[in-house]
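As recorded in TrEMBL:
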{"type": "SIGNAL", "residues": "1-30", "note": "signal peptide"}
{"type": "BINDING", "residues": "C143, C146, H147", "note": "heme c binding site"}
Amino acid sequence: MTRVVSVRAVTATGLALATLAGAWLSAAQAAGDPIAERQALMKKNGREAKAIGEMLKGTTPYDPAKAAAAANTIAADMKVFITLFPPGSDKGKTEASPKIWQDKAGFEAEANKVIAAANDAAAAAPEGAKAFGAKFAAVGAGCKSCHQAYRISD
């Protein structure tokens, strides 16, 4: 039996493989590259914070499980984030201030404030949007404080 393969099927398969290859290549490039890993985590945390903001503004319905999951993701990511500043990772395309390496304890203290605030927000999620939002405000304040002290802005 002869099987006829359509151009659409071949094109769709090719596009899927190209997409997967691109994703794999991006992941492979980030692996072992602390700058890329830091940037990926910050982008991910930005997406989580945006989803939380949309719930708190009423743009999307408040879902306590999703709010808690997003806050827990931020906390977990920040635990990893503070490990991604080995010596020499201040070189390259990064907005990390040299102050991070000069004041590692201060930097880690700022990051740990964000972790604690995110954990507090996650715990408050079942109490409703108002309680969650009040706790999550400390996450935003912690991010802002850390960025002001330890990030180089353009």
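Start at 1 and count along the chain as shown; that gives each residue its number.
Cβ coordinates are placed from backbone N, Cα and C, and glycine is handled just like the others.
Bear in mind that the values here come from a model prediction, so they are computed numbers and not experimental data.
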Long-range Cβ environment of C143 (heme c binding site), under 8 Å and at least 6 residues apart: A49, V114
Residues close to heme c site centre defined by C143, C146, H147, Cβ within 8 Å: E110, V114, G142, K144, S145, Q148, A149, Y150, R151
Site with most surrounding Cβ atoms, counting all protein chains shown within 10 Å, from the binding-site residues C146, H147: C146
For C146 (heme c binding site), the three-state class that DSSP assigns: helix
